[in-house]
Amino acid sequence: MSLLTEVETPTRNEWECRCSGSSDPLVVASSIIGILHLILWILDRLFFKCIYRRLKYGLKRGPSTEGVPESMREEYRQEQQSAVDVDDGHFVNIELE
């Protein structure tokens, strides 16, 4: 007997699951694993950007500035900002008609 043919059987009123009242440990374990898998899949799809960004970059927030004079901190911030500033000369402007 295959589990696939025994799970759902038609009755007069509606479809019923024969395993719903079963106390078989294998059925209980597979049900729990199935529910956990579904919950984890839903959470993964909802929060995949946050989760994978955390895995990729960790909790790093940049280098520590403890013990560094304020003038050097400001210089570092300006260097970082200038590194991210966009130079328009590197891009081609395309106008759509």
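Positions of Cβ are set from backbone N, Cα and C atoms, glycine also.
Note that this is a predicted model, so its numbers are computed, not measured.
Annotation for CYS50 (S-palmitoyl cysteine): no spatial neighbours, criterion Cβ-Cβ under 8 Å with sequence separation of six or more. Swiss-Prot lists CYS50 with the feature S-palmitoyl cysteine.
The phosphoserine annotation in Swiss-Prot covers SER64 (among others).
Secondary structure from DSSP puts SER82 (phosphoserine) in a helix. Summarising the annotation, Swiss-Prot assigns phosphoserine to SER82 (among others).
The region 'Disordered' annotation in Swiss-Prot covers 60-83.
The topological domain 'Virion surface' annotation in Swiss-Prot covers 1-22.
What Swiss-Prot records for 44-97 is topological domain 'Intravirion'.
Packing against the transmembrane segment (23-43) from elsewhere in the chain is no residue: none 6 or more residues past its ends has a CB under 8 Å from a CB in it. The transmembrane segment annotation in Swiss-Prot covers 23-43 and rests on sequence analysis.
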